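Q: In case it helps, TrEMBL gives these features for our protein:
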ACT_SITE  189  active site, charge relay system
ACT_SITE  266  active site, charge relay system
ACT_SITE  300  active site, charge relay system
């Protein structure tokens, strides 16, 4: 979602103050396990809003992987009051924060109906005071690309892959009524790339995967070359380890149904940033089932996402509630 929502970026202490918390917070919303490490319990609630009989909340915590404060949105459906629910992780695109999806997509009603917890993290570390991290919109702040950086000065903080794969799910399991055995992942643009590589690099971990306008072959596109060169250096084998088109070529035979929606009028499709044809060809060769829908008239924005998000929620619910 490059440059679509610049006002939603936050940079630590300078961000606009959040509204006061609601006076009453239902008991089901935070589950503290005293046997868990102290760091897994250090959640600060930033906001709470009732929505379709559930609650959309935002929390802040000190990330071990990223060594900075991080925020994530979490929607707790009404079913979370009476038992554990499956978890659907959403990964946002370039320039986004945890706010974009929870305020723009309109996913809440479908998530409530299907009893899904939906977690929407930020897209990068924030406020790490790394030289150059705020110089461009497609690298550094708001552009973590869901990789674990290996190059200075990024490798200490820019570990979004491990944060999403390991740290965040442990945090969700420790503090909310989440069924950690039932997880799925989806995302948009850079986040669609993140969703695909997480599913492909971890067979069996996610019940399903989907994406809106994903960056499918980052080793071949300008965004990917810039990000991977900066975070991963010049070794192309490191790049390919985070490229969905390369990963699917070695994906084992375990079943994975993939859903991708792509706007036909997406300016970044025509600019060669997304390259879905390369991914579809690789999936076809490996006989990996993928539903690819080219949607006439739609662009790269959240208007596109809002139109089809219910289809994606249903796609994941089919597997998460099986």
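Cβ from N, Cα, C; glycine included.
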Q: Which is it, of 189, 266, 300: the one of these active-site residues whose Cβ has the most other Cβ atoms within 10 Å?
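A: Counting every other Cβ within 10 Å of each candidate, the maximum falls on 189.
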Q: Between the Cα atoms of residue 300 (active site, charge relay system) and residue 189 (active site, charge relay system), find the distance and write it as a whole number of Å.
A: 8
Q: Rounded to the nearest Å, what's the C-alpha distance separating residue 266 (active site, charge relay system) and residue 189 (active site, charge relay system)? Just drop the number here, would you?
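A: That comes out at 11 Å between the alpha carbons.
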